[in-house]
Amino acid sequence: MAIERTLSIIKPDAVAKNVIGQIYSRFEKAGLKIIAAKMCHLSKPQAEKFYAVHKDRPFYPDLVKFMTQGPVMIQVLEGENAIVKNREIMGATNPKEALPGTIRADFADSIDANAVHGSDGPETAKEEIAFFFKPDEIF
């Protein structure tokens, strides 16, 4: 089993619901360690750059607008198979399809306001972590 790191973002909808602590508890119960964290309000250029992979998709403008509407909580998670484990905890992108007990089933309102983001693979995780954190900010 490999120790991995992954990026997690608690999106503006979940921050506004005051469920950061409940989400952190789920990470920890799954054996994921929070090794870096910060709260910030993404600027439009930051959100556009972070989600640039989706720039040709029809939902891109709404995604950028949503991600800049309020503060987000960004963290690096570390643990055995952290990427897959985090994605399992998050649940399906569409909360209506998410399994009961997942973050999205419990806290998300819609496919757009879906509470959390998580890296989808090892290379993406490295890029996303570097986007938000300098090496000396990760413990």
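Cβ atoms are placed via backbone N, Cα and C, with glycine included.
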ATP site partner of Phe59, Arg87, Thr93, Arg104, Asn114 (as recorded in Swiss-Prot), chosen from Lys11, Lys17: Lys11
Tertiary neighbours of His117 (active site, pros-phosphohistidine intermediate) (same chain, Cβ under 8 Å, six or more apart): Leu7, Ser8, Ile9, Lys11
Annotated ATP contacts Lys11, Phe59, Arg87, Thr93, Arg104, Asn114, maximal Cα-Cα distance (Å, integer): 21
